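Trainee: Feature list, courtesy of TrEMBL:
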- 29-52: transmembrane segment (TRANSMEM)
- 80-99: transmembrane segment (TRANSMEM)
- 114-323: domain 'TLC' (DOMAIN)
- 120-139: transmembrane segment (TRANSMEM)
- 159-182: transmembrane segment (TRANSMEM)
- 194-211: transmembrane segment (TRANSMEM)
- 249-271: transmembrane segment (TRANSMEM)
- 291-310: transmembrane segment (TRANSMEM)
- 326-346: region 'Disordered' (REGION)
- 329-342: compositional bias 'Basic residues' (COMPBIAS)
- 364-386: transmembrane segment (TRANSMEM)
Amino acid sequence: MGFRKKNKSPPVLSHEFVIQNHADMVSCLAMVILLGLMFEVTAKFAIMFITVQYNVTQVLDEKSDPINLYLYGPKDMATVFFYLLIAVILHALIQEYVLDKMNRKLHLSKTKHSKFNESGQLAVFYLLSFMWGCSILTAEDFATNPTFLWEGYPHTHMAFQVKFFYICQIAYWLHSLPELYFQKVRKEDIPRQLYYICLYVAHITGAYVLNLHRLGLVLLVPHYLVELLFHASRLFYFSDENKQKGFTLWALLFVIARLLTLTLSVLTFGFGLPRTQNQGFSLAQGNFNVLTIRMTCLAAICLTQAWMMWKFINFQLKKWREHSQSQASKKKIVSPKSKPHKRETTRGEDAQVVHVSCASHWPVFFFFFLVWFLSTFFLLFLLQLYTQTKT
């Protein structure tokens, strides 16, 4: 890891050398870009990496001040690259000066050590992103006007905070890919982390490119709150295994967040966007309001939520089985004199096998899907009444 002093220096440009000094190398690259601002020849290229591009000035009326808004374009890739470097540096700083010191005090195993580092990094990111997202949403009128998600589409113009938020989000999740190598993540953990990193990159970039940044921001804020609670609870659990109350609250909010995500997505793609005036496909105008794209986006969100819910149900059933087995083993230890006969033992084992096999996932999954379905159409009905009373 970067900023770490070692007694024995590995060979130059070896794998261990790059892993130990990657933050220093990235810092040098970022400094080269910043130094480009000092020279007139390179300043116009350095600004493309550092500042947000595609500024547009709008004047609403003669009395009001002009408003600076932003579009997106190919130059944003340079900005994303620069803040990807900044994310790598901050990652190394948090790891070196916060998480490693806490790990030395806790004396965790290798498995818990890896999960502790992952939760520590993500908890900081989710906390900052949640606070930033809430500050942006407070300036909008979504709480009093739910049609804010689709009214005036395509939303090609963004405020500075909105665009910079998306630039930083994309940069952070892209930086997580090389961090799998820099942090020496275990091979068995790489597929799991790759899944959610790729999902984040695909969904956030899709919302940014398709001019759905309002919906993306509204969906990210509650999702980040739930993820923050989970990783914070896991950090407390690693410090003291008796602290498990946070997981109960996380489980409740997780289901609510999935319900909210699916409901808002159906309202936007199935109810709001089909009724807007700007229908059609135009790359020049940034308009992607056609049936194919709407259904593709809705299907991607629904499949992602269903996959997350499936993983959640499997996780909860696994924990319930482990808890029931531990309780059964404790009862056997407490009452060793009452030994059952062989027939009773075999019957008990058979009953346990039947219980495990009958604990199918489909009824639970179908129940949550039914709740989603009914609540979504109930909200559609309420929104229909709201639009009729408004007109």
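Every residue gets a Cβ built from N, Cα and C, even glycine.
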Trainee: Below 8 angstroms Cβ to Cβ, which residues of this chain, lying six or more residues outside the transmembrane segment (194-211), approach it?
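Mentor: Contacts with the transmembrane segment (194-211): 72, 153-156, 166, 169-170, 173-174, 176-177, 180, 220, 286-288, 293, 297, 300-301, 304.
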Trainee: For the transmembrane segment (120-139), what are the same-chain contacts with Cβ under 8 Å, counting residues 6+ beyond its ends?
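Mentor: Cβ under 8 Å, 6 or more out: 91, 94-95, 98-99, 102, 159, 161-162, 165, 169, 172, 217-218, 220-221, 224-225, 227-228, 231-232, 235.
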Trainee: How about long-range neighbours of the transmembrane segment (159-182): same chain, 6 or more residues beyond its ends, C-beta under 8 Å?
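Mentor: Here the qualifying positions are 1, 18-19, 22, 52, 68-70, 72, 76, 79-84, 86-88, 91-92, 125, 129, 132-133, 135-136, 139, 190, 193-194, 197, 200-201, 204-205, 207-208, 213, 216-217, 220.
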Trainee: I'd like to know the mean pLDDT over the domain 'TLC' (114-323).
Mentor: 91
